[in-house]
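Asker: Could you have a look at this structure, given as structure tokens, before my questions?
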Amino acid sequence: MSDSIKQKEQKHLNDVLAKVKFAKNEAIQKINRAEKDEDDINKNFYNDVRLKTSTYSGMMETSVSIRQQQQMLEERENSWKHATHEYDKLSKMEKRPYFARLDFEEEGEDKPETIYIGLGSFTDRPDHYLIYDWRAPISSIYYDSKIGKLTYKTPMGEQTVNVTLKRQFQIKDGKIDTIFDTDQVVGDQMLLDNLNGKSNTKMKSIVTTIQAEQNKIIRDTKSDLLFVQGAAGSGKTAAVLQRVAFLLYQYRGRLSSGQVILFSPNQLFNDYINQVLPELGEQNMVQMTYYQYSSLRVPKFKVETLSERFEEDNSDDAKLKKINQLKNSLDFFKGETAYTNHLNTEDMKFKNLKFQGDIFISKEKISEIYYSFNENYNLRNRLDATKERLIKMLNRRVKSEMKKPWVEQAVQDLSREQIQAVQRSHPDEFENADREFEFLARHIVIGALRRIRKQIVHARFLGINNQFVNFLRNVPNLINLDKFDLTKDEWNESVDESIARMKNGHVSMADVSAYLYLFDRISGKRPKTDIKYLFIDEVQDYTAFQMAFLKFTFPRARFTLLGDLNQAIFTHENSHSLLQELSTMFDPEKTNVVQLTKSYRSTEQITDFTKYILTEGSQIESFAREGDKPVVNVVNNHDEAIDKLVERIDADKQKHDTTAIVVKNLAEAKTLSKQLDDKNVKNTLIQTENQRLVTGTLVIPAYLAKGLEFDSVVMFNGDEEHFGDEADRQLVYTICTRAMHELTIIAKKQLSHLFDAVPDNLYDLQ
Ligand SMILES: Nc1ncnc2c1ncn2[C@@H]1O[C@H](COP(=O)(O)OP(=O)(O)OP(=O)(O)O)[C@@H](O)[C@H]1O
């Protein structure tokens with residue numbers, strides 16, 4: 001780039017920065033003013049508020065005057081918030097106000113236009129944009145087009161422009177570092193620079209280099225279901241976080257971050273991505289894992305953890321696999337829906353309401369009331385009407401209970417202070433002693449019955465555990481077991497196991513969703529209509545049942561699902577039918593399936609190697625970023641394997657911030673970490689998802705490495721003994737695709753056959 005262009009651009013940058021500085025000073029003054037005003041209002045509160053409390057009109061006047069003071073405080077608070085937000089935005093802009101420039105001519109206008117694009121917009125006077133927000137309609141030209149004619153969408157319809165210049169900047173602390181002019185969509189050089197960087201414990205935003213196919217995902221506003229199927233490292237997670245920022249901008253004032261929910265694979269991942277939105281000047285959406293969501297809702301049970309689930313899924317128990325396949329299916333969801341519908345006419349289980357050890361209202365009576373309402377009632381209003389009746393019954397019982405001997409005794413046992421305290425709510429004299437007794441007795445009975453009242457209000461008379469068991473027992477009548485290759489006996493055995501687990505206070509991942517769905521249906525829980533957008537990352541690890549349940553729970557939400565069917569580490573072969581089952585849950589007209597085939601995370605050498613692990617990996621394209629070929633070490637025994645590992649760790653220390661040694665499960669991770677400790681090799685064992693990611697050498701089980709990336713990855717025990725099963729193929733792919741710059745596989749005796757299809761020239765055998 002010629003010096004004169006750089007000088008001109010630096011001059012423009014200086015002008016913009018001067019204006020940004022000026023605006024920042026104004027924001028500081030506004031903040032100071034708002035703080036001073038607030039201080040003054042607080043100080044003068046008692047002078048300004050006219051306290052008159054002796055007459056009614058005086059009291060009214062006082063309250064109006066307090067309200068006025070409050071309003072003034074609120075206004076100052078708002079202007080303080082606004083100015084602080086502005087100040088934060090401008091402070092970021094001072095370092096790097098924009099990253100791109102576009103020159104174009106609009107159709108019908110002969111004067112060319114120049115715009116600059118940055119993380120946020122900036123005007124020096126109304127409607128005079130010195131910088132456009134990257135999410136503004138016009139900015140999409142930058143992401144979508146090469147040089148030349150194109151159309152883009154505006155709120156008023158399509159607009160055609162002729163783009164004559166696309167320029168990218170790297171600006172550091174107010175100085176232009178580099179300038180690239182490009183005729184590409186988003187120049188490869190800038191992307192390459194970004195991808196060459198080191199891994200980080202926090203994911204970064206990709207605003208400056210969003211690719212055209214990612215931009216389609218980010219700006220989709222039409223679909224009810226947006227399903228993104230993308231290769232490992234193709235930027236699914238990155239794109240979806242930009243999408244959240246885009247939606248918050250597009251629907252500002254109508255959509256808040258609290259109405260967007262993201263389900264992530266594990267807590268570690270939540271932590272990894274939680275800086276992206278704040279970096280873009282937006283607040284984080286609600287983030288949780290499915291495990292958190294479900295376990296929060298069943299506090300009395302311990303839900304199976306990620307690690308337990310992983311071990312279970314990899315067990316060789318064929319029957320268990322079939323049972324889980326059934327429980328995870330859409331058929332199971334439909335069967336349960338049919339079962340709950342039938343509860344409208346019969347079979348609802350109730351518990352006795354007890355008082356002082358005796359039955360107060362029997363379950364038979366409750367059932368009689370519940371089914372006394374006509375068939376137009378649904379489960380929710382049937383329950384509400386039952387509660388209402390029970391409360392009435394309870395009220396009627398107060399009188400008869402007051403005559404019971406225990407009440408007489410309780411009244412006699414009241415101390416003088418207790419009597420005085422109770423009588424305070426009865427300011428007048430009692431007519432006679434009988435009236436006084438009655439008053440005290442009523443007070444005692446109502447107090448004693450309060451627990452039952454609460455039980456009624458909270459529908460504790462529903463026997464949810466019993467009901468769940470009843471449902472499970474009924475499954476053979478609701479679902480064709482043959483389809484799942486199960487016998488009635490096998491099913492019944494599994495029900496016994498579920499019951500035994502629940503008696504121990506545990507519930508499996510496969511059971512918990514069905515349990516919650518049943519609970520929500522019979523308790524008439526209202527769906528969460530406030531959530532407008534729901535995102536699921538790593539959707540291939542979800543079951544069709546879970547998806548149907550989430551759709552039921554968040555009926556107004558638009559779904560964005562991201563997944564790589566090749567990385568299903570929990571649901572394996574089911575994952576391929578997930579897409580098909582999903583298509584039956586959403587309107588096909590409003591479903592958009594997008595494929596991302598280019599992988600950005602890894603070097604060309606790593607992507608070319610990893611795609612051969614998959615049986616159908618030929619579609620995956622690598623991004624041209626050079627690195628070393630993956631290294632495969634086949635050694636004779638464990639000691640040699642550890643020696644090779646230590647060698648690798650030492651070599652990596654010179655080049656990289658993070659080396660992750662990924663093993664199959666937690667037990668292996670623990671053993672290996674200890675062995676490295678014994679050799680004085682510093683390492684961090686990642687054993688729960690509640691830990692924080694750190695740099696350095698990590699030892700991590702595969703299921704916790706989901707969605708993450710590291711400079712260098714060592715797959716330890718990549719041999720036939722540990723990964724000899726065809727079912728491990730997707731897991732091996734997930735492990736190897738975590739590597740950004742370097743990949744090493746250490747195997748004892750014989751390399752796993754899952755690497756058989758990789759051509760010899762794509763790796764170095766050492
Ligand atoms: N357009 C882009 N510009 C810069 N970096 C990008 C871009 N797209 C993706 N990346 C980077 O590539 C890496 C992989 O992206 P991401 O984690 O979003 O992929 P993914 O599809 O979710 O992967 P996986 O399914 O393997 O977890 C990240 O470091 C991300 O920042």
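Just so it is clear, glycine is given a Cβ too, placed from its N, Cα and C backbone atoms.
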Asker: Please find, within the list 6-44, 84-122, 591-629, the residue stretch that TrEMBL describes as coiled coil.
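Answerer: Spelled out, TrEMBL records coiled coil over residues 6-44, not the other listed ranges.
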Asker: Could you give the mean pLDDT over the domain 'UvrD-like helicase ATP-binding' (209-603), rounded to a whole number?
Answerer: 88
Asker: Only counting partners 6 or more residues apart, tell me which same-chain residues put their Cβ under 8 Å from the Cβ of Gly230 (ATP binding site).
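Answerer: Once residues fewer than 6 apart are set aside, Gly230 (ATP binding site) is near Lys236, Leu562, Gly563, Asp564, Val594, Gln595, Leu596, Thr597.
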Asker: Count the Cβ atoms, other than its own, that fall within 10 Å of the Cβ of Gly235 (ATP binding site), considering every protein chain shown.
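Answerer: A 10 Å sphere around the Cβ of Gly235 (ATP binding site) contains 24 other Cβ atoms.
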Asker: Return one of helix, strand or coil for Ala231 (ATP binding site), based on DSSP.
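Answerer: SS state of Ala231 (ATP binding site) = coil.
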Asker: Mind giving me a neighbour count for Ser234 (ATP binding site)? Other Cβ atoms within 10 Å of its Cβ, every protein chain shown.
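Answerer: Cβ-Cβ neighbours of Ser234 (ATP binding site) within 10 Å number 26.
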Asker: Would you find the one among the binding-site residues Ala231, Ala232 whose Cβ has the most company, meaning other Cβ atoms within 10 Å?
Answerer: Ala231
